[in-house]
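See structure below.
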Amino acid sequence: MATVNQLVRKPRKSKVEKSDSVALQGCPQRRGVCTRVYTTTPKKPNSALRKVCRVRLTNGYEVSSYIGGEGHNLQEHSVVLIRGGRVKDLPGVRYHTVRGTLDTAGVQDRKQRRSKYGAKRPK
């Protein structure tokens, strides 16, 4: 335990909280251009072909971003919006692409949880 005198000379340091999404630099989303669109396999025990794209952001960072939902229209040079949120079974993928904005189309025939996938309300 520190004495009062020691605390007067050198106060206690407060802990600095580390961000999970460094490339966003405190912003809710960031815009970027796809440099590569590809599929990758998840960690054990899962098995799939997860859709991922490499994105060069407007602030100069280059990050991997997961493309959620069934089917997508992204290719190289597509302009996308990314948000934070990692994919637990894909190492190094710490961002999600936002569906239904910029060049990313929403998911077709989506009936539930539509706002997450940029789908309009069905007639």
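Glycine residues also receive a Cβ, built from the backbone N, Cα and C atoms like all the rest.
The compositional bias 'Basic residues' annotation in Swiss-Prot covers 111-123.
Mapped onto three states, the DSSP output places Asp89 (3-methylthioaspartic acid) in coil. Within 10 Å of the C-beta atom of Asp89 (3-methylthioaspartic acid) sit 15 other C-beta atoms, taking all shown protein chains into account. Among the features that Swiss-Prot reports, 3-methylthioaspartic acid is placed at Asp89.
Long-range Cβ contacts of the region 'Disordered' (1-22) within its own chain (Cβ-Cβ under 8 Å, at least 6 residues beyond either end) map to 61, 84-86, 94-95. Residues or ranges marked as region 'Disordered' by Swiss-Prot: 1-22 (among others).
Look at Swiss-Prot and you will find 103-123 (among others) tagged as region 'Disordered'. Long-range neighbours of the region 'Disordered' (103-123) within the same chain, counting only residues 6 or more positions beyond its ends whose Cβ lies under 8 Å from a Cβ of the stretch, are 67-74, 78-81, 97.
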Number of helical, extended and coil residues in the compositional bias 'Basic residues' (111-123), per DSSP: 4 helix, 0 strand, 9 coil
